[in-house]
């Protein structure tokens, strides 16, 4: 006798039909696991989705914002952030995975998904071999809202460790604006000059805004 999905608890439904069979509310129920003394988990899931319909913008919510939802305490807020980060990393690795031939366009588009909306400035390097295949992606700096003080030695320390022939730098502007600052331009020039001395090429430096990216090479700041 077949069991009706409508009569199953969400976890039972996952076991029989897979997680893809769940509605958003059921999926949230499974993730949250339990409610509170006064609120069943189903109600907490409903309130989560009222705040973030279709889970939209959930990955950008901080711990304070998540805890404003009744029924979500510090532990559940941390778990939700961890799940969002896991999802983000899986999505990035679908294209920015090791061995894939990278280009500025591909890296820029993928990094928009991962860095747009972040409130802290981050500097990353995508290290490549002689065929432009990805060797490693490394976060070099996590800064404040208005400053980034990464040093070229960090960039090249990892380039040497990974035996990289080339790399693409990426950093985000929390303001969402794409225009490079004087600091961005000067830092890029220092990196290019150091790379020429070491025989490790900086292919590009990408700035990630709210929905677009800017290539400093295309803007003429990187010259071979």
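Each Cβ is built from the backbone N, Cα and C atoms, and glycine gets one as well.
These features come from Swiss-Prot:
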BINDING   171, 173, 184  Zn(2+) binding site
DOMAIN    100-222  domain 'MPN'
MOTIF     171-184  motif 'JAMM motif'
Report task. Sort the residues of the domain 'MPN' (100-222) into helix, strand and coil with DSSP and give the three counts. Result -> 39 helix, 36 strand, 48 coil
Report task. Identify, in sequence order, the residues in the chain of residue 173 (Zn(2+) binding site) that are 6 or more apart from it along the sequence and have a CB within less than 8 Å of its CB; answer 'none' if there are none. Result -> 121, 207, 208, 209
Requested in this report: Within 10 Å of each Cβ, count the other Cβ atoms and name the one among the binding-site residues 171, 184 with the highest count.
Outcome: 171
